Amino acid sequence: MDKLGPYLHIPLLLGLHLFIIKLYDVCKKPQVDKRAFTVCGSALLCCTSPLQMDEDIKDGLKEMREKPSGEDKSKLAYCVTDTPPWYLCIALSIQHYLTSFGAIFSIPLILSESLCLQHDSLSQSRLINTIFFVSGICTMLQVTFGVRLPILQGGTFSLLTPAMAMLSMPEWECPAWTYNASLVNVSSPVFIEVWQSRMRTLQGSIMVASLLQIVAGFSGMIGFLMRFIGPLTIAPTITLIGLSVYQTAGAKAGSHWGISAMTTALIILFSQYLHRVPIPVPAYNKHRKLHFSKFHLFQMMPVLLGISISWLVCYLLTIYDVLPSNPAHYGHLARTDLKGNVVSDASWFTFPYPGQWGMPAVSLAGVFGIMAGIICSMAESVGDYHACAKLSGAPPPPRHAINRGIGVEGLGSLLAGAFGTGNGTTSFSENVAVLGITKVGSRVVIFTSGVFMVLMGILGKIGAVFTTIPEPVVGGMFMIMFGVISAAGVSNLQFTDMNSSRTIFIFGFSLFSALVIPDWLKKYPESLSTGIPVIDQVVTILLSTHMFVGGFLGFFLDNTIPGEQERGFVWEKEEHAEFSKTPASDKLYDLPLGITTFFSSYSWVRFIPFCPWEGENSDEASVVQHQPGEDLCDGAFDPNPPANTKL
């Protein structure tokens, strides 16, 4: 069983491949409607990695500009309230799950070192199960009661940096003996208390900090805050999320540069060079019998494929003793038998629950650090809501939906803290991009994906399998992932005037200062002393968090240096201008289960920022009109959808 550990994921992937291939063949049958065929083709040709999404979107936009005016390639196959056939829901929901997989499962692996868990694979697997379980619950809450758009929720790197800064404080540094695997007894009460005490403090800090997001959302304060947070605040903040963990990525990749370089090269090869190359796969159906179908394997899952091949190579090098068995020798961490027992020791089913690590504690310094990450997460999520609405054929989200979405994200972070993921939740931008590629904006698909994430969180063996990935393989994946995150932060500058010296100064100074100050403070921690320990802790954590330093400097300079036209708020004004075109009869963003219908008749509802009101925009109710029989998936949303299509 120990030697079979690295192979347990292969049947799952092969089964998924065969399922999608069979689905592709089924959709060729004459009795399947045109929309089902469109979705199947999109699902097969869609890249589920963020490495290729931007290129595919650019190609699609180029084709739209070049196509004849009578054609419409941007036409949606399924709108927000549509319900695709069950088999399409399963295929597309698994696709969204795979898109978010790499980002979600890597968070516990990074955080485990700061929690002193680097030699406790079983506890790592429980963290992985917990974060998937909570992400699934938060996704279903967001789709049902939140912003009600097809937007997936998952762990956020915005909270990872301040969490690591908090755990790097002298009082929370791991004891020296926890770094020696031979001295660690994972069942010892002393060791359990070492890591769980840190987790409980992190839990409590996240729960308290999440109250800021809950209040900002449900009170309507988010609209006021977004007036001052622009691209020059968001760009350095997100960029520094990726840049700040370069040491972690380097340490893991440096455990065997050959293996990590191979992993990186494979992911680049599959996602950038071979993503449009199909491979022939044998298939069978009643019409064509045994035949070969084209399957875009490299485009579907380049990251998982790259990890699996490198994982297999490490396994072969281990069983033939090519890799050293002596822990003191270079390359030992590339062996696959270091955590072999974790798969057999893990239970088949695990049920995460609030307080599973004990009663949460609170660190005031940690709360302020986590709040900085939450503010960044809120700003990014508002942009995701607008992008998701456009790509799913919905009208721009009204203020009550945005307020509700941010509030539910705050509740998600509160749940994540209570369950003990060591992280919060946020909207996943890469999954929003998938909507534009697949042309499927159905929120039922995202809800189903949330169900899959909950199921994966319950299966204990699944979480255990992923903890056995060798460190250099994970390091190679980090080289790609965090590089893409850094580039995604820079991409926010597209809304600003990049020819302006003001923009270049603010971004450059904020970014460079955010690298210098935390590094200096790490080398000279005793240089900052006010005589009040609590203030020292708060200031140390804030100044040790790269994204806070960069975001704060960008925020301050952007709001004080003259140059309104160069700030990049033009796109936001255009979005808000569309609110007036949203008719009051739009039911997409209404609360489910008849809640809106019950309360909307009361006049006092207008004073509740997160509740829709039937008198809202009543003067503009007739602005958006559709002719009978018009296809409402053409970038517009039906204000009166059929009853059987609502979630």
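Glycine is treated like the rest: Cβ placed from N, Cα and C.
Look at TrEMBL and you will find 621-647 tagged as region 'Disordered'.
Residues annotated as transmembrane segment in TrEMBL: 6-24 (among others).
Annotated transmembrane segment per TrEMBL: 85-111 (among others), in sequence order.
The transmembrane segment annotation in TrEMBL covers 131-151 (among others). Non-local neighbours of the transmembrane segment (131-151) in the same chain are 80, 100, 104-105, 107-108, 352, 384-385, 388-389, 392, 394, 397, 401-402, 404-405, 407-409, 411-412, 415-416, 419, 421-423, 425, 427-428, 431-432, 435, 441-443, 445-447, 449-458, 463, 588-592, 647; each lies 6+ residues outside the stretch with a CB under 8 Å from one of its CB atoms.
Proximity of distant same-chain residues to the transmembrane segment (206-225), defined by a Cβ-Cβ separation under 8 Å and at least 6 residues beyond the stretch ends, is recorded for 159, 163, 360, 362, 366-368, 370-371, 373-375, 377-379, 382, 399, 402-411, 413-414, 416-418, 422-424, 609-610. What TrEMBL records for 206-225 (among others) is transmembrane segment.
Tertiary proximity for the transmembrane segment (255-274) is limited to same-chain residues at least six positions away from its ends with a CB under 8 Å from its CB atoms, namely 47, 49, 51-52, 298-299, 302-303, 305-307, 309-310, 313-314, 323, 330-334, 470-473, 475-477, 479-480. Look at TrEMBL and you will find 255-274 (among others) tagged as transmembrane segment.
Taken from TrEMBL, the feature transmembrane segment applies to 295-320 (among others).
What TrEMBL lists as transmembrane segment is 357-376 (among others).
If you look up TrEMBL, you'll see 444-466 (among others) marked as transmembrane segment. Listed as Cβ neighbours of the transmembrane segment (444-466) (distance under 8 Å, sequence separation of 6 or more from its ends, same chain) are residues 5-6, 8-9, 78, 82-84, 88-90, 92-94, 96-97, 105, 121-122, 125-140, 143-144, 150-153, 342-343, 345-352, 431, 647.
The transmembrane segment annotation in TrEMBL covers 472-490 (among others). Sequence-remote contacts of a segment are chain residues at least 6 beyond its ends whose Cβ falls under 8 Å from one of its Cβ atoms, and for the transmembrane segment (472-490) they are 50-51, 102-103, 106, 109, 157, 234-243, 245-246, 248-264, 267-268, 303, 306-307, 310-311, 314, 333-334, 429.
Under the heading transmembrane segment, TrEMBL lists 502-518 (among others).
Per TrEMBL, transmembrane segment is recorded for 538-557 (among others). Tertiary proximity for the transmembrane segment (538-557) is limited to same-chain residues at least six positions away from its ends with a CB under 8 Å from its CB atoms, namely 158, 161-162, 165-166, 168-169, 228-229, 232-241, 243-244, 364-366, 368-369, 372-373, 375-376, 505-507, 509-511, 513-515, 517-518, 521-522, 525, 528, 530.
Beyond the ends of the transmembrane segment (357-376), by six or more residues, the same chain brings 156, 158-163, 165-166, 169, 196-197, 199-210, 212-213, 225, 229, 234, 237-238, 410, 413, 417-418, 420, 424, 534, 537-538, 540-542, 545, 547-548, 551-552 to within a C-beta distance below 8 angstroms of the stretch.
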